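Structure first, commentary second.
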Amino acid sequence: MTCGLALMITACSSTPERNAAPANMVATQGVLTDPAIRIWGDVPYSIEQAIINESNRRDFFDLSLIVDEGGKRKPQHHLTISGGGANGAYGAGILNALSDSGERPEYRLVTGISTGAILGLYAFLGEEYDYKIKELYTELSDEDLYDTRYIWQLFNSSSILNTELFSERVRNEVNRELLDKVKHEYLRGRTFLVKTTNLDSQRPVIWNMGAIAMHDSEEAEQLFENVIIASASIPGVFEPVQIPVYDGDQIYDEMHVDGGVISQVFFVPEGVDIGSYSAIEDRLLFKAGLTELDERTNHIWLINNGRSAATWRATDPSLMAIMVRSIATMIKFQSRSNLALIYQQSQEAGASFNLSFIHNDVPDPASDAPFNREYMRSMYCYGYVQGRDPEHWSHTPPDYEKLQNLHSEIDEDANIDTFDWDGVAVGLNAKIKECLMGLTD
């Protein structure tokens, strides 16, 4: 019987086939021949890349993004959204609250990883898509996003979950009409960047989604979809995305997964020469006859859909519990490093730093239902209440020691339905309850 079972497992253990692109291969055909579409995320953003983007947009650049009717510089706002799975509902609430209060600016740059890539797309397109943000994070649940595989299906699959439902939803949302809107905003001078992880090369890739949208082809539309899906594909849990690369008559593929494998949030590539990039913009203004301008004012808005402070919890000595706890710890400290880097970049750019993050005491979603609708609704309302309060933004990275010392232990039995929000801030219970009642209308 044991031999029979071993033979059955071996026979069923074929994983999906692929034709991996060789190291350092460069596409010779198709959309990926466009050098504006992507760069490695672990090397400085070159001045040549900025020049390519300038040439793409030269004839369509909207100077009103930069200067007002009197010829004075406008403040520039940049939005960066982290990963976080269902906790993306927190960021969704913040964005919609900013819209409803009339305080949401037009972001010149939007960057996103994982759930932040999905949120970032709609944040980039503007307030007319607020209903879509609300729908995605308050009306969907686990059964709308994935199916659980049976144990015998795991032997010939690349993930624990069958995420065809999620992929299909993204592909239904992304169409030529949406890409044309992204293209229009890109040509105006706005930028939307998404990060994925190329597993073959073990390197981050930053995708210029506006440059992809410039291509009016089915391949470009599929690539746009693939990048959004890949950025949210938690390796081993969600299926990876194989992005086709064309070289002559050969079709190769690159395996891309969640950008969160390498970083939880990003602003601009490490080592970027912000001064040189600013000079490119000054050239546009000079050509338009605007030679005497006041200094730039930049604001970075960072939505961290996660908890960065450490919390004590007795770890069960089982294989799965140890793995989950270890990965959670790795992500937590990775997030800290990312926040510190973006804060440093804000200082180098002379920009204000504005951070919103989830309080450490707020319970995590249930492990057996990570995209529970009621959990996401509560997180949406938490974010919405925060977004209505301009004082909630922090202007430095969190004081982790202070957060950790507030409560050395977490309540392992706590859940979002019975959580006392007033423990986070007095009066929060009533505000979140009011918001939740509005969602059920």
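From the backbone N, Cα and C atoms, a Cβ is placed for every residue, glycine too.
Please treat TrEMBL annotations as automatic predictions, because they have not gone through curation.
Note on TrEMBL: of 83-88, 215-220, 293-298, 359-364, the range annotated with the feature motif 'GXGXXG' is 83-88. It is 112-116, from the ranges 67-71, 102-106, 112-116, 387-391, that TrEMBL records as motif 'GXSXG'. Counting residues 6+ beyond its ends, the motif 'GXSXG' (112-116) has Cβ neighbours under 8 Å at 80-88, 91, 192-195, 231-232, 234, 258-260, 263-266, 303, 305 in the same chain. DSSP assignment over the motif 'GXSXG' (112-116) gives 2 helix, 1 strand, 2 coil. Within 10 Å of the C-beta of D258 (active site, proton acceptor) there are 26 other C-beta atoms, taking all protein chains into account. Each residue in the domain 'PNPLA' (79-271) has a pLDDT score, and their mean in this model is 90.
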